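Now, the feature entries from TrEMBL:
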type: TRANSMEM; residues: B:7-27; note: transmembrane segment
type: TRANSMEM; residues: B:47-66; note: transmembrane segment
type: TRANSMEM; residues: B:78-97; note: transmembrane segment
type: TRANSMEM; residues: B:117-136; note: transmembrane segment
type: TRANSMEM; residues: B:332-350; note: transmembrane segment
type: TRANSMEM; residues: B:371-388; note: transmembrane segment
type: TRANSMEM; residues: B:408-433; note: transmembrane segment
type: TRANSMEM; residues: B:454-471; note: transmembrane segment
């Protein structure tokens, strides 16, 4: 029995070493960028992947882009709390696109990474705090998203049959046939709008963001990001209405969803700008803000 | 409680520690712990049905004692009949009541007689088919005087509810498992390590092979009316791997867990997809059920020793009952019938016991003849699995019709099955590992023979990594056989 226990513990130790190695790898290409935030700014953009093409272009206007792919309102709430604790914050630009309250976004979030921005007070119990902030963060075997990151790397980089036989990478959005654009836009639409009601959890998080902003006297501005013509057409009136909540609460919205309808060259796909699109959009967004401030 | 859940990952070490550290000197205490742990394990799913197991256990325990005392043939038969009626009565009510009712209604309506009755909302208790057959084997063996009835109700209760194999087998005979509860168990390092190794391999089969196949199988079977023949054929093949990975994976975990506690369960799967004919397949697939039917139904019916006509009849009965055992649906009955039809040629030609050894016993690779035989047998069984997986007969029939189109010979359009190529790579690796270990109880058993600890541990780490990376760990997916 003693030998069995000795060997079991030794094996667990080796497993921990492997875990440490994997954690360093995952940290390098998945976590590290997410944890980068410049607290010297007092204006921030909070959005999901719709905000990421804006890159650092907004910094010219003294605005820090704090967006991340797949960020949900649950993650943005954590980020806002962090900013309120650590920084001096005056204004937040937050995405209020049609899909942002989708149950799909509730499931496809960054809660594993945004745990970095949390403290004990953000959780109901010590157990949840330790589990979310430390166990799931450091133990690769307990974190499904880490596994997915490694799996995607293997399946999409090593075993992507579309690359076999020397075929090229992804075709640019503007070069796709109209039929293909419609198909991809339809797939995206189905992904976000397959369920009828908005996510209650996300709605509660958005309400928390609004009330926290009021409490700390932070100006909150809703932003609707540009869409391609194909996606805009398919989307029609479909929405989970995050913007309606803003209107109801008397908050201002800057609506740009149809600003680039005839400029497919500025898109990476049906609802994401590319780098050039992001750079142009930052100018439009922050120029509009000046007009908005003048109106005020 | 599922084997592939965090609950079980906490439960198992706790029971293991109590079993070997607190109660190792007292056999009765160890058996009591197993009994309690088994009831907790089952009650985790639905505590209300614990009463059903408890009642079944009590009845067969008392009837066993009655059979031990009684010498009168008529009274012994009566006791056996009571046991069988109660056990099959529970099974019939919970599993088959609505099936029979619906079919009666359909039959009466076909005859033009209006017949109204409403079906009941019955929850099927997990594993009822498994523990019912296990307790029945005890009573029948005591009746046949193959087994002395036990007077130790704790040991008997632990035997019926033994948590590693309670909900999906292997269906252990009382003659094998029950005496093990009366023998002093001594911790054996080699057995425990072997158990852990088999658990690891079972988890790989379930979480990497079965759960990933399930993802594509669900897509293909749900959209079968709009997919090409070649994709539908791929769906059948993937389901063949799903059900094998799922069920044999469960059996591996059950057998491995039992070894941790010093018990030896029977082998339930012996690499069935390397079978060279259907008869061999059925000697290697779900062995505990096949042999149960052989010993308690086929042989009492006369087996193969009462002439050709009766042999054919008995074969069909066995396969139809086996199909019906799996579920109250015509699809399972047709699946059983199809397998009986597959089996028939070898029975008629007297070749059903041709391939008793392991394929390519003396060589590394199979010869061409063996390879073709294995592929042909695999093709037949995969075709039969379509009926097993389909929701209804019309679904199965539509699936088969759509598959048997010229598009069956087209190259499958993998765009609708994103990621299936990497799954196929995993399946090929899996087949090679299984092939390499086909002479053993389970595929990676040979690792024990490797002297280098470094090599063994690297292999274990690789399997753990594969489970973590490729396994579906975000949700705990139930084992298919839980529904039976």
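The backbone N, Cα and C atoms fix where each Cβ goes, glycine too.
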Who are the chain neighbours of the transmembrane segment (B:7-27) in space, where the CB to CB distance is under 8 Å and they lie at least 6 residues beyond its ends?
1, 33-34, 37, 40-41, 44, 182, 184-185, 187, 257, 260-261
Sort out the residues at least 6 away from either end of the transmembrane segment (B:117-136), same chain, that have Cβ-Cβ distances under 8 Å to it, and list them.
42, 45-46, 49, 52-53, 56-57, 60, 83-84, 87-88, 90-91, 93-95, 97-98, 101-102, 104-105, 159-161, 165-169, 171-174, 289, 292, 296, 325, 482-484
If we skip the immediate neighbours and take only residues 6+ beyond the ends of the transmembrane segment (B:78-97), which ones have a Cβ under 8 Å from one of its Cβ atoms?
52, 56, 59-60, 63, 66-67, 70, 119-120, 122-125, 128-129, 132, 135-136, 139-140, 143, 327-328
